[in-house]
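To start, the structure itself, in structure tokens.
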Amino acid sequence: MDNSTCCWSTSGGPPWTPGPAGGLRRDDHDWAPNRSNDEPLWAATDFDRYNTTMYQLDPDVHMAIAIYLTIVGIVAVVGNGLAISVFLKEKQFRGKEHNILLLNLAVSDLAIAVFGYSFTVIASYARQWLFGHVWCVLDGFICFTCAMSSMNTLCVISVYRYIIICKPQYACRLTQSFTVHVIVGIWVYALVWTVPPLFGWSSYSMLPFGTSCAIDWYVSSVSDALYVSLCLLGCYVLHITVMAFCYIRVIRRMDSMRFAALASEEARQVVKKDKRKNIIMCLSMVVAFLAVWTPYAVSSTWAIFQRHLPIMALFIPTMCAKSSCMLNPIIYTAFNQRFRKAALRVVKGAAAHARIVPVGWGHRSDAAVSRANTSRENRFQAYLPEDISMATIGYRDNLV
């Protein structure tokens, strides 16, 4: 047997020794959980039938994973926490109904970082899962549910952008109450995929590294194969198809705009620059989604046909997927000047409140910001052709 891997015993129960806090403990190359047979079925992660290769990683690899996830977690908490503060404190964003989608996106990503990665980071530093069997299930469930909510929200945002830019006659229907109902649908659709493993259709199980829990993508029955296949279609292929369709149409619409009617060269340059930023932002969101989730989808599909995967086929997709919660605030900060300025005002306001800098330093009131934005929009609106609205080129407080 290769010294770097081993398989659990399939007869007489897996070899194991109770670890601290009812967790896992490594004995030579054998890893297994401490689980009581009388625990409720909904809490079972089916470790007894998790007959797959468990990898004994080098301590340096565990440390590298822990440091990587620590960085991802800090960036995700700071970025999404700041985004939530902007949406709640800045009047120009708080009053816009479409920005509720971005608020939901930030809440979902923040929940992944706080309730999911914090335990995985601790386990990676300890090189073993320390939090017991039930929390393994909850950890996998919370992370999967919030990740699905984030993916669903990104998909809905692409639809909103498509309607606003390509079908503006229907944009009036995207009201605040409608958006709230959409968000409820986002979470319900997430639960449709994440609840069944709690009741026996697939399961939440320990990843082969022994420090994190997720859906058991390894297929051991026709039922498991059906769940994994449907999950790939409903959680990845559907989202990619919708986002690709919407953003291709958005880019074509913006690329087809002609600004010869603009009387001012300054206005033409500003509008072209804004259009270019919107196109790059659309492409960035699709590329980021593909980069984060495609390796995971490929690995999951591979696991349907082959039970024992190479370690890199498990390691790379897992690390890519875990970076998803920090990318969204980075994208919006990089490509939206208003969001950057609003975030800077929130930071300066918090610093002033803590008496780190003088109160009011670099901080404008909501009224001043509103006057500046109105003046800027009015400055260029007069030069725009009648069929091109501010919403189309991006001059609006809705970040969506």
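Any Cβ shown, glycine's included, is placed from N, Cα and C.
Please treat TrEMBL annotations as automatic predictions, because they have not gone through curation.
What TrEMBL records for 79-332 is domain 'G-protein coupled receptors family 1 profile'. What TrEMBL lists as region 'Disordered' is 1-30. According to TrEMBL, the feature transmembrane segment maps to 65-88, 100-126, 132-157, 178-199, 226-248, 278-305, 311-335.
Against the transmembrane segment (65-88), stretch 100-126 has more CB pairs under 8 A than any other of 100-126, 178-199, 278-305. Below 8 A, the CB atoms of the transmembrane segment (100-126) and the transmembrane segment (311-335) form 3+ pairs separated by six or more positions in the chain. Among 178-199, 226-248, 311-335, 311-335 has the largest number of CB pairs under 8 A with the transmembrane segment (278-305). Nonlocal intrachain contacts for the transmembrane segment (226-248), taken as residues 6+ away from its ends with a CB within less than 8 angstroms of a stretch CB, comprise 148, 151-152, 154-155, 158-159, 161-162, 192-193, 196-197, 201-202, 215, 217, 219, 282-283, 285-286, 289-290, 293, 297, 300-301, 303-304. When pLDDT is averaged over the domain 'G-protein coupled receptors family 1 profile' (79-332), the result is 85.
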